[in-house]
């Protein structure tokens, strides 16, 4: 019994140590978000606030001037949501479908197709910038949020397919065989068997897509203008430029607010990780 | 795919062939003059200045649409590239140095000769800027503000600690002061250590040793001067500047050190004139530091110039052509310089601007005086680190050598110079 | 009527399956071919389709930037992938021990992925900076001989990027592993427990082998991180000191856009992807072999 206790203590000890390591940067940013620019400039970016300044949040959210519009990051935040929600949902659904057909409805050449799609995750953003400009021009989607959604869906399918396919291959073949004998078709099996098994991988996929698209900067800045720009563009506008004194306090507040939606996805998605859900649904 | 390429080529050549239209057909459509502008000035004093320009544009009856690209110059150029590919360039965009010439070859630009002549503008801007603005003999871009790169800022507290009362005027005075500071436990140089900062320290060293050598070596890439004693001396001074910097300066933006600098823990900062605006925004007073020209060994004035410009892209719509005319008129006007430079802390490009207005600082007045004197004495040189002297391609290759050199003490000055010569040879 | 219905049922899945598969393949192939093509042209500021031969490749191979970046990629890539996988798996297994506060721990480990690379790099840059970060903190506490100055050390700077990248990516590896662990059939584990197998044995013999494909997903995910690492370096070390911590993606971006050398940047991108296939081809062969065996078994 004491051995078991020791093991539990070791587990919690290790988890706590790791948690501390992961939390350090967050602590630094949180502390800075309530410090004034003068405070930081007169001491250091790492330190306790001499006076707590809560105004950083309200100011960056709704009244900081970016590009002649003193609206804070708020409108850009909504732009990002308008871009990230459809792009995440569509790419996750298509990825689940792709993964399902590649993993469970094998066809001739499926490995090659999967290989090519997987290669897509390796293409560096920089390399695709000019071709995407040509594609958007030809589709007439330049400077639109739809254009950005299109880019993120197509690039995202590579990732979502990879995750889902590799998850679905571990679904026992017997389950599907039984269903097929019962006369279930392609969609019925997807809907009744595969989807109920999917929450853990779907939450991983959604997290991946949501955060990746949310934090993407290069395309957002290049392929959208003015009031259509995503929040990352606004964040960069807040950050240091050659001829600017950095506004660490406001930057930190903005970073925290911009990360809020992703954190919410984790918190609400977390319960889908719980063990037992899968076995309960199948049997 | 071949289709895409063919279309791109067609679009490109069509743009090239487009006749420079002279927009005299105003009033026909009755539309208000309009401009779309892209720049990297999204926030802070730069953002405020361009907003003021926009307001002035609107006051004179135009429609102003500014699309700032936050971040750095490269992102701004990506946007410009994408818009040119899309066949919809902005009416005007921020661009500087020899890139004006390079970009004017990939898109059709507006010929501003007539307006420049009407305004008598060429006579009142530094010849170096005029040369950059008319790469093929025709004006296609207009300068909007200038900065002096070779500027020295000394922390008042650090100066007091070593009893320094005036700025060092030569490199040997500078070096003596730095040694004193070091002995007093002060980090003598407060610069950062990212690429452009490294390139800038070297160029300030060379400009201070000999502006003529700078012109030959950096601007003309003259092989003999590049291998000459002045460039070697610049490498030696550059090494000293590096060794006097904070050991943690590698990869750091200079603004990281402002708190320690102002406290007197760091002594001297070699930085463009914009640092004044940065200090002001960070909550420091003019009494916290001394500012003036960087050391100049021959005791005469020299001016290492950095300037921002607008390039004008051809648009078919008459309202845009009218808008471009209006924008050019405002930018060339006498009132523009004071309006813009008082916000950003830069220097007006018109050498006939009156800086007695209280909106200007003594630092700006001193630098502006230096600029007009240097123009007369033909001692203006163009900044390497800020992409004024060479195209980005050549400048980047040279700065790579400089940044590697200064962060690696094992490289001897002679070796550094040799590598610089090789880097230039490989792309020349 | 019946026949029509049946045929429709057979066709419909194909109509649904193929468009996304084809679009994803076309995207990869067209963009890769286009870039390869540009890498053989004289493109500078804009694509220019006039043939230049292998000039861009020889120029890139001769450049110091590329040589340093490519060497760094191997150091950084190997360290990052191994460390992030190890940490991710360890955390997933620890969390899988029916612990209290699972939600809290999981969120703490996962949140870094929500933080953009720019912010990650900036904040770690502060911590690593000897003048303001950890070193200064320890000095202020009284241990003045303490040194932690990797970020300014030419030989160690690349490892600061490893630390920041592991901090950023290991939580996501954990999430994938955790999803995998929870896809394992509970009956299998129970059966092993009945056989009297210990926890270690159950993991190494029963659980981990069944989530093999998840390992692949994690590996691919981390590899692509490593290859595409860009903003992190820009914000953390700016490639310095000097060029000491530059990476291929920085070189690609630098040449393509900052220097306006689209052709050379494309050549660098092609070489980057080419080096990847050196890793992937043996793996693909292994998979094909495994598949054939698998197919035979079913």
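A Cβ is built for glycine as well, from the same backbone N, Cα and C atoms used for every other residue.
All annotation found in TrEMBL is predicted automatically rather than curated by experts.
Feature annotations, reproduced from TrEMBL:
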TRANSMEM  C:12-37  transmembrane segment
DOMAIN    C:70-283  domain 'ABC transmembrane type-1'
TRANSMEM  C:73-95  transmembrane segment
TRANSMEM  C:107-127  transmembrane segment
TRANSMEM  C:156-181  transmembrane segment
TRANSMEM  C:202-227  transmembrane segment
TRANSMEM  C:233-253  transmembrane segment
TRANSMEM  C:265-284  transmembrane segment
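Across the candidate stretches C:12-37, C:202-227, C:233-253, C:265-284, the maximum count of CB pairs under 8 A to the transmembrane segment (C:107-127) is reached by C:233-253. Long-range contacts of the transmembrane segment (C:265-284) within the same chain: residues 32, 35-36, 38-39, 43, 56-57, 59-61, 66, 70, 73, 223, 227, 248-249, 251-257, 259, each at least 6 residues beyond the stretch ends and with a Cβ under 8 Å from a Cβ of the stretch. Sequence-distant residue pairs (6 or more apart) of the transmembrane segment (C:73-95) and the transmembrane segment (C:156-181) include at least 3 whose Cβ atoms are under 8 Å, placing the two stretches in contact. Long-range contacts of the transmembrane segment (C:156-181) within its own chain (CB-CB distance under 8 A, at least 6 residues past either end) are made by residues 72, 75-76, 79-80, 83-85, 87-89, 91-93, 95-96, 106, 109-113, 115, 117, 120-121, 124, 128, 149-150, 207, 211, 214, 217-218, 221-222, 225-226, 229, 232-233, 236-237, 240-241, 244-245, 247. A Cβ distance under 8 Å defines the sequence-distant neighbours of the transmembrane segment (C:12-37), meaning residues of its chain 6+ beyond its ends; these are 49, 266, 269-270, 273.
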